[in-house]
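Per TrEMBL, the features are:
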type: DOMAIN; residues: 22-146; note: domain 'VOC'
type: BINDING; residues: Glu76, His94, Glu142; note: Zn(2+) binding site
type: ACT_SITE; residues: Glu142; note: active site, proton donor/acceptor
type: DOMAIN; residues: 152-280; note: domain 'VOC'
Amino acid sequence: MAGSEAVPSEHVLEWAQKDKRRFLHAVYRVGDLDRTIKFYTECLGMQLLRKRDIPEEKYSNAFLGFGPEESHFVVELTYNYGVDSYDIGTGFGHFAIATQDVYKLVEDIRAKGGNITREPGPVKGGTTVIAFVKDPDGYVFELIQRGPTPEPLCQVMLRVGDLDKSIKFYEKALGMKLLRKKDNPEHKYTIAMLGYADEYETTVLELTYNYGVTEYTKGNAYAQVAISTDDVYKSAEVVNLVTQELGGKITRQPGPIPGINTKITSFLDPDGWKTVLVDNEDFLKELEKKE
Ligand SMILES: N[C@@H](CCC(=O)N[C@@H](CS)C(=O)NCC(=O)O)C(=O)O
């Protein structure tokens, strides 16, 4: 952008801290929309918020979550016509759902035929009660026992090869706060929780580093997380600066999406995980149009 060379980098970086950011949705591909909708609504307790079909591009979307998209993090499922399975890879970890009684939820899911891959009980090396369930495509959902929360869809867990570098990237490029970091030497991993507010009130990104593991496969199933911004152009300037220091790259320059006009920019972090920044006002306009 003209004149941007003259702006000292610390001023450019400040924008990410001042901006109005929120986790909007996680985007991923599924092999059968109705099968996933049935599982998420009947077993996981989500609501179907909206659906859209884009026949020209041969795909459909369904949005599900625990509350309206205006205020909640949701999942955006993509069904590509004719594609009935995907490779999830080894890098994607899980989505998490907070519930007041993991034992009860697991019992209900099992009664409906769901695939429980880890029985409820205290997390290894800790006290929080967790369980794991696999959805029909093989995506893992961690069920976490905690008190009432405004945002039950509370984590996206991704594995990374250099935790400190990733923490710096999400702090600087995305303006997230490091909310918690916990090393678990007995089980040879470290986790970091990053986000924009308290991890018990909003969705956070959980990054996991397994000792000695620097590379994972990404498959073709999980796509990205979308986060809101008041200015995609300023945000892309920040990301651009940070990628020069820490790696990653902008994959879509800031600007309106043809046809929809919502302004976005997208980029990869140092491990290749994708984030899309979406203009706040444009996003709300899109939601108004949906009915
Ligand atoms: N090797 C694990 C490290 C992360 C990890 O173990 N996380 C905890 C939750 S914070 C877990 O899954 N524990 C399994 C258990 O308690 O059974 C991975 O890559 O998923």
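Cβ coordinates are placed from backbone N, Cα and C, and glycine is handled just like the others.
Remember, TrEMBL labels are computer predictions, not curated facts.
Remember, it's a predicted structure, so these values are computed and weren't measured experimentally.
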Tell me the Cβ neighbour count for Glu142 (Zn(2+) binding site), meaning other Cβ atoms within 10 Å of its Cβ, over all protein chains shown.
21
Secondary structure composition of the domain 'VOC' (152-280) [DSSP: H/G/I, E/B, coil]
29 helix, 57 strand, 43 coil
